[in-house]
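**Q** Copied straight from TrEMBL:
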- 1-23: signal peptide (SIGNAL)
- 33-139: domain 'Ig-like' (DOMAIN)
- 146-244: domain 'Ig-like' (DOMAIN)
- 253-337: domain 'Ig-like' (DOMAIN)
- 351-445: domain 'Ig-like' (DOMAIN)
- 453-546: domain 'Ig-like' (DOMAIN)
- 552-639: domain 'Ig-like' (DOMAIN)
- 653-753: domain 'Fibronectin type-III' (DOMAIN)
- 753-927: domain 'MAM' (DOMAIN)
Amino acid sequence: MWFSLPLCLSVCICVCLHDYMLGCGVCVCVSMPSFTAPANAQIVHSGAACNVKDDNMSERIYTIKEGDTLVLQCIVKGHPRPQVRWTKTAGSASDKFQETSIYNETLRIEGIQRVQGGRYYCKADNGVGVAAIKSIRVDVQYLDIPVLTVHQTISDVRGSYYQEKTVFLRCTVNSNPPARFIWKRGDMLIEQSKDNGVDIYEPLYTQGETKVLKLKNLRPKDFADYTCQVSVRNVCNIKDKSVTFRLTNATSPPMIRLSVNDTVVVDPGQDVRITCEVTAGFPLPIVTWSRYPGPLPLSAQVRGESLILRAVTPADAGFYNCTAVNNVGNPARKNVNLVVRSNNLTFQITPDSNKDSETIQMGRDLKLSCHVDATPQDKVNYTWYKNGAPVFNSDSLILLRSDPDMAPGTSSLEIVDMKFRDLATYSCMASFSGSTVRELRVDVNISQNSVSPPVLTVPPGRQAVSVREGGNAELVCLVVDGKPRPPILWSRTEKDLLMPSGKPTVETPDGRLRLKNVSRDMMGAYRCQTAPYNGLNIKRREAQVQLNVQYPPILDPVFQDVRSRNYQMVTLRCTILRSNPPRLTDIRWFRNGDFIRMPMPDLKETPELKFKLEPTNNGSYECRVSNTEGTSACTFNVSGESQPYNAEFYFDTPNPVRILKGNNYSYNLQWTQKEPDATDRIIGYWINVRKNKQNLLSKQIDLKGKTPEKGVLMSYAVSDLKIPLSYEVRLAPITTYSTGDYVSRIIQYSEHHVCGFEDERICGFSQDRSDIFDWTRQNHLTQNPKRSANTGPDTDRSGTKEGYYMYIEASRPRTQGDKALLLSPLFNITSSKGPKGRVPYCVSFYYHMKGKHIGTLNVYLRVRSIASVDRAMWTKSGHQGPDWKKAFFDVTPSGPFQIVFEGIRGSGFEGDIAIDDVSITRGECKGGNPTRKSVSEAVSVHVSVWRDSNSLQVREDIAREEVKNTVFKIIYIYICSFACICVC
């Protein structure tokens with residue numbers, strides 16, 4: 001991670017690559033990095049969670065009850081502010097399941113359903129480094145009402161139903177987690193061990209969770225009320241569910257009968273009434289209706305046991321199912337096939353297929369086929385006529401009721417070894433018995449001149465059709481020869497693309513495909529083919545037509561705000577993303593609506609305008625790019641020494657809240673300035689603090705001659721805020737000539753200025769990836785009941801069972817010397833000094849070190865720079881008593897820093913070390929500051945700490961020598977750095 005350092009040089013920072021024994025060596029000038037931090041993410045919950053835990057994969061598991069509200073919040077860090085996107089395993093976190101956008105930091109799903117469980121991912125990206133991705137597994141808990149069904153052995157179907165029979169009561173439920181089953185007879189619990197007449201078991205190969213109660217050789221007391229109670233042990237406060245069934249000697253499965261035949265053929269427009277009569281079954285069965293395929297038509301009405309369909313259409317055809325259920329035996333089902341007659345009659349003429357012929361020839365076979373789209377086909381009656389006379393089977397004429405070589409239900413007439421006497425007009429008549437629909441008839445004239453193969457062609461100049469987007473187009477494929485002339489089928493040449501109508505093919509009787517409101521996604525090649533019906537059944541003729549959708553150029557940017565200082569060169573670039581036709585006809589630049597006279601630009605190059613910005617040429621610039629279909633424009637709002645760019649808030653300030661007197665607090669607001677050098681020098685900022693859209697504070701922040709640098713954090717303490725209210729803060733930069741636009745954010749009161757690790761986010765602390773194991777967050781309620789009582793705290797520092805703390809677990813598999821490092825949030829300060837030197841920070845915390853095997857607790861100051869350095873600031877080893885103790889010390893970091901807590905495991909398992917209530921605040925520690933360490937002492941601690949397998953030793957003699965060498969190195973580096981600055 002890089003951070004800007006506000007040195008006197010604004011162009012470069014000089015780094016000496018040296019060896020103090022050999023001399024300064026090489027000076028390298030490197031560019032000053034901007035203050036950018038890659039995105040970091042963490043998922044927390046704030047909804048109706050039943051439980052949140054970590055599994056063995058260190059992934060969080062969020063348990064929630066079905067129907068509750070799921071709220072996941074992605075806590076992001078990084079600068080600029082990262083953009084957040086939510087996704088889900090096997091699909092997206094779709095908007096239809098939530099109230100907020102998937103691009104919001106908070107994912108909210110009202111009334112979550114079981115199918116919405118799974119792994120949710122939060123991806124945070126700000127364009128710096130690799131995007132941060134965190135996941136959480138959502139486990140939706142539910143318990144359905146159980147279903148109880150009664151069955152008998154198959155061998156018992158002959159006698160009375162329940163006399164001396166074996167009966168099975170099957171109870172099935174869907175649940176998460178798995179349910180526990182309890183059987184009751186009346187109010188008495190059924191226990192298999194106490195009743196030889198029952199058997200309780202779990203069957204194999206069943207859907208859901210199932211328990212079976214087997215009643216062996218029914219006894220009089222077995223006729224009773226049976227209750228199946230299911231429980232998930234009150235997880236997520238889900239109450240037990242139950243179902244009761246009364247078993248009597250009259251209990252019987254359902255039986256039904258229909259008022260109509262299995263197949264009902266009706267004409268379009270008729271009303272249909274189907275009644276499903278229950279003839280047996282106790283308890284009284286419940287009747288339901290369904291349809292396959294698809295749901296019941298919207299016009300369907302269910303009245304009791306009857307289904308009524310009004311004014312049926314061919315779309316209403318299908319199988320209608322009546323089901324009667326009383327949970328005894330299997331449900332009773334009856335199906336009705338509803339056929340709505342159709343009038344789509346087609347024919348085919350098939351020349352002798354054995355000879356690969358495409359024309360009618362004497363002495364060869366010929367087949368005439370006739371087909372009606374109807375279901376079922378056996379309800380269609382076909383009759384063939386020759387010159388008006390019925391055709392009967394003979395040696396030369398063969399009738400096929402259902403031709404196996406054609407589509408199902410196709411009737412064919414085969415003419416064998418065709419003679420001149422067979423040249424005639426043949427008619428196919430399709431009729432529907434018992435229907436009012438008129439008969440359908442098609443006539444086919446068979447003669448040597450009346451039948452010829454088709455010739456398909458695209459008219460000259462119509463192979464490619466160009467149309468402007470939004471207009472209408474006509475694609476044409478004509479059958480210029482052939483008898484009879486078949487219809488034309490249109491489709492896209494790319495097999496995965498559908499026609500604009502949404503269908504794979506479209507039939508046109510005249511070969512003209514008409515498209516309206518053409519869009520660019522309709523552009524491409526279209527295939528036209530002769531249909532295999534209503535003509536010769538031969539190899540299909542086909543051709544292609546290219547649809548070319550033309551539109552004006554698509555440019556980027558459509559609008560751009562360009563700001564620069566006067567008398568600087570400005571470049572405006574208008575990129576052409578797409579254009580059809582691609583050839584441009586004109587490029588023109590305008591300023592404030594006036595044409596800019598300039599040499600004709602190269603139409604093959606990206607349009608670009610370069611000029612020196614002056615007070616007289618500020619304004620709106622427009623690049624108009626044209627092709628034959630129209631003109632598009634890029635617009636640039638160019639200003640010099642005027643309105644500056646917006647400020648960009650920094651949202652990851654650690655512990656920004658400080659408590660003041662009188663129930664007030666202050667907030668440390670931080671931000672960076674976007675492109676501070678692009679406009680006139682920024683001299684200050686306007687800050688507005690608002691509550692309920694009313695200004696409480698409006699003040700100018702004076703930079704006192706300092707100029708904002710790109711990427712360098714600026715701070716302002718907003719004071720006199722009331723606990724616990726939140727406020728809107730608005731900030732706008734000021735130059736000599738103008739004020740920039742306001743940006744706003746909400747600041748909130750938070751009591752996490754002292755981190756007690758009560759929140760799962762642990763106040764932004766993080767585990768170091770380079771250590772051996774991790775610190776663990778725990779409270780009294782989550783402690784392992786088998787833990788050793790001779791080590792570790794019983795409660796947190798406040799003494800409450802609910803309070804959390806962080807600790808290292810010394811039990812197996814930990815071994816002596818294993819380290820765990822816990823990192824504080826990064827405090828993004830610069831190397832600027834206060835009136836009395838570097839700004840001090842107070843670090844305070846409570847520690848608990850009880851046990852005979854206690855190792856070591858070290859606290860380091862880690863300063864982030866080109867190479868991060870850890871400096872030991874505090875250390876304790878061994879048993880420190882049974883109580884929490886407080887420690888505090890001052891640090892004066894030279895740049896962005898973190899506090900590192902290092903726990904080292906001692907010689908045995910009774911060595912748990914804990915910390916709590918960590919505070920890192922600006923200013924010196926108050927109330928008995930510890931003695932300040934001298935420079936030599938601080939360095940001595942840093943360089944003279946050695947760890948061996950037995951203890952932590954401080955070797956004073958070697959340390960003093962190391963101090964001398966280190967001080968000499970520091971002085972030498974400063975000398976070299978001064979020389980490097982001069983070189984740069």
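Yeah, the Cβs are placed from backbone N, Cα and C, and that goes for glycine too.
Unlike curated entries, TrEMBL annotations are predicted automatically.
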**Q** Using a Cβ distance cut-off of under 8 Å, indicate which of 146-244, 351-445, 552-639, 653-753 has the most pairs with the domain 'Ig-like' (253-337).
**A** 351-445
**Q** For the domain 'Ig-like' (351-445) against the domain 'Ig-like' (453-546), do we get 3 or more Cβ-Cβ pairs below 8 Å once near-sequence pairs (under 6 apart) are dropped?
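**A** Counting Cβ pairs under 8 Å, at least 3, so yes.
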**Q** What is the average pLDDT across the domain 'Ig-like' (351-445)?
**A** 84
**Q** By DSSP, what is the split of the domain 'Fibronectin type-III' (653-753) into helix, strand and coil residues?
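**A** Within the domain 'Fibronectin type-III' (653-753) the tally stands at 0 helix, 57 strand, 44 coil.
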**Q** Sort the residues of the domain 'Ig-like' (552-639) into helix, strand and coil with DSSP and give the three counts.
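**A** Each residue of the domain 'Ig-like' (552-639) counted once, the result is 3 helix, 54 strand, 31 coil.
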